[in-house]
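What follows is a set of notes on a single structure, which appears directly below.
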Amino acid sequence: MAVDASSIATESMGILTTSDHKSVVSMNLFVALLCACILLGHLLEESRWMNESITALAIGLCTGVVILLLTGGKSSHLLEFSEDLFFIYLLPPIIFNAGFQVKKKQFFRNFMTIMTFGAVGTLISFTIISLGAMHFFHKFNIGSLKIGDYLALGAIFSATDSVCTLQVLNQDETPLLYSLVFGEGVVNDATSIVLFNAIQSFDLSHINTSTALQFFGNFLYLFATSTMLGVAAGLLSAYIIKKLYFGRHSTDREVALMILMAYLSYILSELFYLSAILTVFFCGIVMSHYTWHNVTESSRVTTKHTFATLSFVAEIFIFLYVGMDALDIDKWRFVSDSPGKSIAVSSILLALVLVGRAAFVFPLSFLSNLTKKSPQAKLSLKEQVTVWWAGLMRGSVSMALAYNQFNSSGHTDLRANATMITSTITVVLFSTVVFGLMTKPLVRILLPVSKHVSSMVSSEPSSPKSVTVPLLSNGQDSEVNRRVEDSEANIGPVDIPRPSSLRMLLGASSHTVHHYWRRFDNAFMRPVFGGRGFVPRVPGSPAEEIGHQWR
């Protein structure tokens, strides 16, 4: 009996070993390709046209061609697409780092504009794309698409690609535009996913006023509760670390707690069927404002680079996979007999994306300018064109939602579903490569940066790219501005050279929402949750000396 059991175990282990070996080989190749993307991205860093997103897509496409040739046209990718892999493991570090690294002053100065573009703008784009697809696709014999499919297409192609935006615009060269485009991109992704989930959960066969109001109420509920959950998770982490002083015994614990609580906010949001993207984004903002200043100096360096590295690797992973998956032969087999029809569908979707984006960027920019008193706070026509163009790219979120809607158990069985997925792949590739290649020179033509402004910009901290990044970057911005304001108030007019650009917003103190929030924050929030000015008293730590300087 023992012999039989051992032989069965040996055979089972042999089968598992063979299967595991194939997985290990695939993972080795994929990790090697990730390394190649990083190396090529570094070599092409000074290129006017290329960025790491396009590099990863190109490597993925070339790898897909090689795999197709080696497998005789049976497969083009090393790993199977998994929505769990994307939504549970890859997307959280990208969105969290976006909130963690964002210039909070610029973000909240333009908070209403960002929320208007991200929420209202997405609804406008969603409506135009859905109605346009419903109108034009009836003329093509692509199969049966229900009203839910058309609405899902609106949500899928309303989602801009925040990952691409990070690669295209520079946070230091164009801080206002970066905060607008990137902040709007994150809110846009959250809105699109909320719309997509609502479409799948509602019965769309009988649409009436009651259903529409319920849909809108559910939409507002998800936005409010998701944001509050992210803020609560960030404040809780700040309070715990401030009170317990983990750094006295182990900086590893406070770093681990920050990472785990950030991820916990995302998982809790998924657990309660909220918008996890919005939750983890605001959790990142709150953690960078409070929690990050409560940890020791070494933990600040570690967390900055850990979050940035995880986000960077996840971005490259996604684009590399999209490049390989674009050549999946199973999807293209259904549309191989009518390539003209597939091109027409992709062209219509791309045109609807262009029109849908323009339909809200320019009108909402006009309305936003009406509410701004300062000319420097208004968006010029060139800046509006930049915002419109930079948000035209579609990427990983659109891909994931398209798989969710039109892929059944990993297979594309219907012609209509295959057409929608291949069209999504075409739009993602075209928008990322073509629009991505043209955005850098377009920004330089529309918004040339003078040498004086460039020197001022380069002196301010940004996302970590080396260990020489200033440790107290977020706090120093506000501290320097406060000292400039105090000196102006006490001494009077001072001949200080100032840039004649949107950078003037950073040094100007006005009675805005941000101004009143700062007063409230200093009086009530920071005494409880810490933040800038709170330094853990760790014996022998240089942070203790810095804390005395801040006081």
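Backbone N, Cα and C define each Cβ position, glycine as well.
Residues or ranges marked as domain 'Cation/H+ exchanger transmembrane' in TrEMBL: 32-444. Residues or ranges marked as transmembrane segment by TrEMBL: 24-44, 56-73, 85-102, 114-138, 219-241, 262-287, 307-327, 348-367, 387-406, 418-438.
Distant neighbours of the transmembrane segment (307-327): 30, 33-34, 37-38, 41, 52-53, 56-61, 63-65, 67-68, 76-79, 81, 86, 89-91, 93-94, 96-98, 100-101, 163, 166, 259, 284, 395-396, 399, 425, 428-429, 432, 463-464; these residues of the same chain sit at least 6 beyond its ends, with a Cβ under 8 Å from one of its Cβ atoms. For the transmembrane segment (418-438), the list of distant contacts is 49-51, 53-54, 57, 142-143, 145, 149, 153, 156-157, 161, 164, 167-168, 319, 322-323, 325-326, 331-335, 341-343, 345-346, 349-350, 353, 389, 392-395, 398-399, 402-403, 405-407, 412: same-chain residues at least six beyond its ends, Cβ to Cβ under 8 Å. Counting residues 6+ beyond its ends, the transmembrane segment (348-367) has Cβ neighbours under 8 Å at 113, 116-117, 120-121, 124-126, 128-129, 132-133, 136-137, 153, 157-158, 379, 384, 387-388, 391-392, 394, 423-424, 427, 430-431 in the same chain.
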